[in-house]
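Copied over from TrEMBL, here are the features:
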- 15-437: domain 'Major facilitator superfamily (MFS) profile' (DOMAIN)
- 15-34: transmembrane segment (TRANSMEM)
- 84-103: transmembrane segment (TRANSMEM)
- 109-130: transmembrane segment (TRANSMEM)
- 142-166: transmembrane segment (TRANSMEM)
- 172-192: transmembrane segment (TRANSMEM)
- 255-278: transmembrane segment (TRANSMEM)
- 290-311: transmembrane segment (TRANSMEM)
- 323-342: transmembrane segment (TRANSMEM)
- 348-370: transmembrane segment (TRANSMEM)
- 382-405: transmembrane segment (TRANSMEM)
- 411-435: transmembrane segment (TRANSMEM)
């Protein structure tokens, strides 16, 4: 049995920094490795003699399975432990990559590299991210910035390494080596020491086992539970209530708007990581330079992770995290719109810088914004749902982009569609924010007017009472009318 640490509030340090290191390594082994699958794109296409659309399904299924099964990762983390979930995920992901090295068809890769590896990554990704949120409060954005930068630094290191492995050992040998590499997820899982906050544990079924419940209380409650059917019914009701509270964020309008915007954001960002290397090769860039573009994107991603995380933890910007998030998503959309006119290596380098920076920014802020909307207690479940919503766009967007490339013999339509999708996601959040602000202003104005009228009623009643024109009964009637008017 894994002993959980019980604290009144997030420690904002201590073992939390080891959790950040563990999450950093998880993002390297999951998101960076998934991005590097695009380097195999041309190899798979040439070896199996298939078109863009069919080959793109490999990356789509891997991304989709990772996000689609994110709630499963949250469920295992909540009901067993984060350690068990991540270790199991590491074993599945490694098995998927190793089996992929023996593939004889694209369908084989759809299952091994897509479904099996994606499922393994799903069991690791969202629980590791949620653990950071449980250990940090004041320094949450900075902690997430460091943890999520693993995606960028992993891409920077792995992209040229994977290209070198393909040249030296073929794509089969490269996948076999990657299979051994992602076994490090099991080590990351061992770092994830469970933590339980008192406010999250008040109505838990394990309440009687906690140290802060006195022995006398434990004995009284155990006696009640053994002899009172009413107490048993109440315990069952509390358990059901706790299960519902895990997912009560579905009733929050802010979360629903965020969820819809995530669908469009995910549709826009996925194809670029699949087609940046093939696009660069199509405009005459060499294989090593194309892989280097992914490395640049990865290392600038780190800068975006850490700088946006640090900046949005400052007191002056802390309340503008939501605005910073939608700004970063919008800027990435603009980058996609300009990509079709960049047709040489010197012009693609600034694109990799800009897109990578803002990609790192919004990836860091996504769990922070989600935590601000739903609270820390529901963060693991909410993140599972948010990453689940990435699944469908990740599944369909690369094949649709590939179909557009096959149909038009150009990447222009694909990149423009991605750009407008991300801009729409940002615009939707912006309008929702403005609508909420206007509504809040109107409510304040209405409350102020109501308070003024209530005060006038009260003052008038007092004046009449003092002058003797009204008896005590009339005063009570007027006071009741004033209260009922203010409650409207």
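Cβ atoms are placed via backbone N, Cα and C, with glycine included.
From a predicted model like this one, the values you see are computed outputs, not experimental measurements.
Taking residue pairs at least 6 apart in sequence, the transmembrane segment (142-166) and the transmembrane segment (348-370) share three or more C-beta contacts under 8 angstroms.
Just going by CB pairs under 8 A, the stretch in 84-103, 142-166, 382-405, 411-435 that sits most against the transmembrane segment (290-311) is 142-166.
For the transmembrane segment (323-342), the partner stretch with the highest count of Cβ pairs under 8 angstroms, out of 15-34, 84-103, 109-130, 172-192, 411-435, is 411-435. Of the candidate ranges 109-130, 142-166, 382-405, 382-405 contributes the most Cβ pairs within a distance under 8 Å of the transmembrane segment (411-435). Here the listed stretches are 15-34, 142-166, 382-405, and the one with the most C-beta pairs under 8 angstroms to the transmembrane segment (109-130) is 15-34. Model confidence over the domain 'Major facilitator superfamily (MFS) profile' (15-437) stands at 79, taken as the mean pLDDT rounded to a whole number.
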